[in-house]
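Trainee: Would you mind keeping the following structure in view while I ask a few things?
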């Protein structure tokens, strides 16, 4: 009986990789935006000696001396933000490769953030793709995370795949290769980011929590840890746009509402590859996350 229970728990922890690929979403929002040159749209933020650009492909790396990060030139108040990313293989525990929106530099200690994060792993275990939303976070250990985590249906170390955040005044949609994997709705102003944010990317050491809640740390015997970005795309309403600027759409509908085919693909991903949902975590205080109530 104990052996059967163990097998069941493992099946929950590691969704079947035999489920194949997700159903076609029927719409590919990434094709609606032109790739941008890194130097045209971004600037290096830190770890300058740990970056290189070759034909619009950016490589950043982490070693025991430093990680690296970059930032968009413009802030946005809505839009589509994507990049094709390839992460480091092998032992990467404690290492995070991130692509995200934030206004932490303008609102330190009280910022908003929307994250796509690759949580490093140990040999033989898959990367975890973490999506997260912060609203007016304190930045001092009291941030309320809204994490949903996935094990992807492919190996993100083998090739480039396109990861994107769609942010409108109504909702946030996370996409992988144009497949929606998560939809976060604006149910109240208090639980939705409404202030302009910049687009960032980085690689850094988060050994205290990144891999199995900090059980496994970064091991610099395996350095450098390398992440590659290309195919940068960002379109929408910048903070400097006219108030009449119309938010872009992640679907054929001008309203941005997902189609039934897109919903079907998202439900497939969440059925087979979702490994954590903060709304279903009994250890969380859901009085702090009222968006989970309905």
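Each Cβ is built from the backbone N, Cα and C atoms, and glycine gets one as well.
Below are the features I grabbed from TrEMBL:
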- 113: active site, nucleophile (ACT_SITE)
- 117: active site, proton donor (ACT_SITE)
- 15-229: domain 'GH16' (DOMAIN)
- 1-19: signal peptide (SIGNAL)
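Have a look at these and tell me how they're positioned relative to everything else.
Mentor: In sequence order, 100, 101, 102, 103, 104, 132, 133, 134, 137, 193, 197 are the residues of the chain that are 6 or more apart from residue 113 (active site, nucleophile) and have a CB within less than 8 Å of its CB.
Counted within 10 Å of its Cβ, the other Cβ atoms near residue 117 (active site, proton donor) come to 20, all protein chains included.
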